[in-house]
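Trainee: So that we are looking at the same thing, I have put the structure below in structure tokens.
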Amino acid sequence: MPAFIKPGRDSRHRFACKALFRALLRAGYRVPLPHDVATALDEKQNPIRALIRNGFRRNSSEISLRLVNSALNKGYRFLELLTLARDESSPAHADVLQFLRENNERVLAIREKKRQEAEIPNRFAPKPDTVPLLTKIPNPDGRGPPTFVPTVRPLPLEKLSGGVRKLPTLDELGGHPFLRLRKPQSEYLGRVLRQKFKRRQRWAEKYHELVTEELADAEQEDAWDEMVEEMLEGVPQPWDNPEYYATDNSGRQRWTQSKQSAKRVRKTHGSYAHAVKLSMTDLEFKQKREWDEMIARGKALWKLVLEERALAAKEKKTRKKREKVQRKRERRRAVKAERREARRLRRVAKMRESLRKWRVKTRERKKKERAERKEREKMQMEQEARQMAEAKPQELAASTTAAGLTGIESHPPAQEDRCPSSTGCEG
């Protein structure tokens, strides 16, 4: 086969591939399979036939001669393998069963993985308990723009964290209004704003393309049709016959009109420029409808911001009043605490003064007692000294007498001396 000819467009190649495909299907259908292998993936479809169809579908777009020849050679080898696998006792039959079991396990594992991935919730999907910020109410007559009302906001102060209402800020991106409630901005809000902005940008680019390029091309096509119609003026046409009527194989009737009516219809509804203008009108309608919704949404959001501000001002006033009362209460408590502290300090000072006086009195008393004790000791010492002074002559006399007596006893006197009295001596 020449290299410049695509295999899929050559009749001989297509005929050979279809013949191989049919032969493989017939051979695969005749291979006996156990019930667990045949019905593991699909109870109604033969697994061998499914593999054959998937293989041909996968290689149908190949244009490389090398890959095509390789695929055909594999197909013929598998045809021989399936032919030998008709016998249940042959090794080919065991190989086919082993391959099918492994393939079934692989496919079941892939299906289980996909099922688990499908059960994982989308990170950008809205939460089930999510409440929208605004509720859209269509216009009763169905013509005017819709209206939006807040769903749950403004929330009461009890449901707000922190105890202080944080005011939202009204902002816009490409004309789309939104509220900045917190920082950092939510990634979900950013994604929605980007999607809306890109969609509006695509509409604007498409409208610009229709106005600058396609409308001019369509007008030229209409001018060309008019020129051709003028050239065919006077030439009889089949549809000039009023009795012209035809029905095609599908049963649809085809009517034709006269040349004047066909020209009128083409200029009004059937021209190329009219189709482009319809597209432009559709884009204008989409943009106006979205613009009306953005205006209504912006008004609802601004009304919500004003309500939040009014509540914030009211809560601020109440909070200031409560803080003022709290400050007064704290001041009273502080004054009472100061008074209690002053009384305590006075009591402490009084106790200290009493203690000081007691210490002074105790010190003076002890000093006085010491002085009195010293005085008594001094008086006692003086008395003892006086007594000793008074007792000293007597002791001296006694000692002298005792000394004299001692000397007499050591030198006995004469008889007359020893008996001075006459009475004694006489005896």
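A Cβ is built for glycine as well, from the same backbone N, Cα and C atoms used for every other residue.
As annotated in TrEMBL:
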COMPBIAS  316-334  compositional bias 'Basic residues'
COMPBIAS  357-368  compositional bias 'Basic residues'
COMPBIAS  369-393  compositional bias 'Basic and acidic residues'
COMPBIAS  394-407  compositional bias 'Low complexity'
DOMAIN    17-80  domain 'Complex 1 LYR protein'
REGION    123-149  region 'Disordered'
REGION    314-342  region 'Disordered'
REGION    357-427  region 'Disordered'
Trainee: Using DSSP, break the compositional bias 'Basic and acidic residues' (369-393) down into helix, strand and coil residues and give each count.
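Mentor: Per DSSP, the residues of the compositional bias 'Basic and acidic residues' (369-393) fall into 25 helix, 0 strand, 0 coil.
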Trainee: Would you kindly list the residues that approach the compositional bias 'Basic residues' (316-334) from elsewhere in its chain, counting only those six or more residues past its ends and only Cβ-Cβ distances under 8 Å?
Mentor: 164
Trainee: Should anything in the same chain at least six residues away from the region 'Disordered' (123-149) have a Cβ under 8 Å from its Cβ atoms, list it; otherwise answer none.
Mentor: 179, 188, 191, 289, 292-293, 295-297, 299-301
Trainee: What are the DSSP helix/strand/coil residue counts across the domain 'Complex 1 LYR protein' (17-80)?
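Mentor: For the domain 'Complex 1 LYR protein' (17-80), the helix, strand and coil counts are 45 helix, 0 strand, 19 coil.
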Trainee: Take the compositional bias 'Basic residues' (357-368) and count its residues per DSSP category (helix H/G/I, strand E/B, coil), listing them in that order.
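Mentor: With helix first, then strand, then coil, the compositional bias 'Basic residues' (357-368) has 12 helix, 0 strand, 0 coil.
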Trainee: What is the three-state DSSP composition of the region 'Disordered' (314-342), stated as helix, strand and coil residue counts?
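Mentor: The region 'Disordered' (314-342) comes out at 29 helix, 0 strand, 0 coil.
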